[in-house]
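Please read the structure below before turning to the comments.
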Amino acid sequence: MSYPPISEQLDDPEGAREEGRRKIDWASGHMPILAALREEFEELRPFEGQRIAMAMHVEAKTAALTETLAAGGAEIAIAGCNPLSTHDDVSAALDANENITSYARRGVEGEEYYDAIEAVIDLRPTITVDDGGDLVFRIHEEHPDLVDGIIGGCEETTTGVHRLRAMDEDGALRYPVFAVNDTPMKRLFDNVHGTGESALANIALTTNLSFAGKTVVVAGYGDCGRGVAKKAAGQNARVIVTEVEPRRALEAHMEGYEVMPMREAAAKGDVFVTVTGNRDVITREHFEAMKDGALLANAGHFDVEVNLDELSDLAANVREVRDGVMEYETDDGRRLNVLAAGRLVNLAGPLALGHPVEVMDQSFGVQAVCVRELVAAHSGGLRDRLAERLRERLGRSDRLEAVGEDTYGPGLHEVPDALDREVATVKLAAEGIDIDALTDEQADYMDDWRHGT
Ligand code: NAI
């Protein structure tokens with residue numbers, strides 16, 4: 001029997017749809033980049049005939065992206081990309097759109113999680129949009145026959161890009177995928193500000209505890225860690241950073257944070273936030289050194305950063321002390337509190353809403369122009385119409401360079417910078433912010449290596 005869409009799984013799909021629709025409308029109303037792209041897609045219908053398979057955190061902002069792509073004529077199937085990040089009401093509201101089937105449901109794990117992904121793959125996609133890479137890997141492993149029909153994909157997060165890069169280096173990635181995560185419009189805002197704000201907000205909401213005066217240990221000083229550290233310091237916490245990369249460690253030091261190995265930080269921290277994309281960052285030797293009452297949260301993509309198996313082995317007692325907080329009591333009476341089952345705290349906590357809407361407008365704006373770019377690369381007609389449209393909207397010919405100019409062979413691709421600049425330009429216009437433009441003389445000066453003292 002095939003896996004049913006969410007509407008067939010819920011007791012009150014109608015009620016869920018209404019609530020989901022309210023959430024989507026609120027988010028969409030604060031996403032000017034997607035609104036501008038939706039208008040363009042409704043007019044040009046670039047995705048007519050395309051089938052888009054998506055595996056994402058199915059909440060209101062993702063729904064706005066999904067509906068924007070559907071407005072361009074795509075047929076879409078979507079599943080979750082994490083067992084705890086789906087909002088069932090949003091999923092039900094999406095499923096009510098005649099061009100969208102949503103299989104995402106909160107709380108599905110293991111086999112059922114992959115059943116939903118399989119149902120999405122049944123669409124026989126021409127394009128994939130992924131967060132974490134599970135969809136791309138499943139297609140390559142279980143459905144290699146579909147690869148020839150796929151014109152390309154987009155990957156949202158660092159961990160997914162990391163996996164795809166490894167796949168590409170092995171020559172195993174058989175269709176083009178854009179590394180959306182790596183664009184400035186995504187990374188410098190979503191990872192830094194989005195993760196920083198939403199991870200801390202969700203730790204505070206889940207525990208009702210303050211950061212002021214506490215010691216927050218941030219494991220990993222990449223884009224996400226940088227944001228978590230900055231915002232924790234902004235809430236009057238002392239911040240300790242742990243790293244394995246010497247330049248990142250030095251950067252954290254120069255920002256004024258204490259830097260030390262986890263084995264030392266373990267005894268000092270009141271709150272731990274892992275954002276490494278790696279496994280076993282906090283393990284038994286660290287649990288053994290921690291203070292009574294320590295809070296442990298993960299904001300990295302997978303639930304492997306805090307080793308919960310080792311913590312369970314150490315615990316004499318485990319109980320849920322608050323929604324989303326599991327207390328592990330050790331033999332010597334210390335209580336260590338794990339938030340959101342060690343999954344992405346900003347998306348999987350009981351009250352989690354994910355990143356702020358404005359930030360996701362940018363990330364998903366890049367996703368939407370990347371999907372458009374994949375299609376434009378295969379269609380001269382669309383390419384010309386888009387070029388005209390962009391010229392009208394942006395009035396600058398340099399933005400047009402990237403539109404469908406490449407056919408993108410199999411492998412991981414950087415997003416053309418012009419597309420990223422297009423998204424930034426739309427956002428600045430929506431914010432009513434004007435900026436200077438280079439004069440011809442300035443542009444020549446910048447390009448000419450002969451100028452010196
Ligand atoms: P990044 O690659 O910029 O930074 C990760 C940092 O962790 C690197 O500096 C690396 O040296 C360090 N690291 C690796 N192993 C470590 C260890 N054992 N101990 C200490 N540091 C270690 O990656 P980015 O963009 O900061 O992403 C981190 C994770 O967060 C990824 O899994 C990504 O997918 C996820 N992510 C989560 C979001 C959310 O909503 N919670 C949003 C965006 C990304």
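Even glycines carry a Cβ here, placed using N, Cα and C.
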Task = Have a look through Asp115, Asp122, Asp131, Asp223 and flag the one TrEMBL assigns to the substrate site that Glu156, Lys186, Asp190 belong to.
result = Asp131
Task = Just the binding-site residues from Thr157, Lys186, Asn191 whose C-beta lies under 6 Å from any atom of ligand 1, please, or none if there are none.
result = Thr157, Asn191
Note = Check: min Cα-Cα distance from Lys186 (substrate binding site) over binding-site residues Thr157, Gly222, Gly225, Gly300, His355 goes to Thr157
Predicted model, mean pLDDT over the domain 'S-adenosyl-L-homocysteine hydrolase NAD binding' (191-352) = 97
Query = So for Gly300 (NAD(+) binding site), how many other CB atoms are inside 10 Å of its CB?
reply = 29
Message = If you pair up every Cα among Asp131, Glu156, Lys186, Asp190, the residues annotated as binding substrate, what's the maximum separation in angstrom, rounded to an integer?
response = 13
Note = A correct count of other C-beta atoms within 10 Å of the C-beta of Asn191 (NAD(+) binding site) gives 23
Ask   = What are the other residues, in sequence order, whose C-beta lies within 8 angstroms of the center of the C-beta atoms of Asp131, Glu156, Lys186, Asp190 at the substrate site?
value = Thr157, Val180, Asn181, Asn191, Ser363, Phe364, Gln367
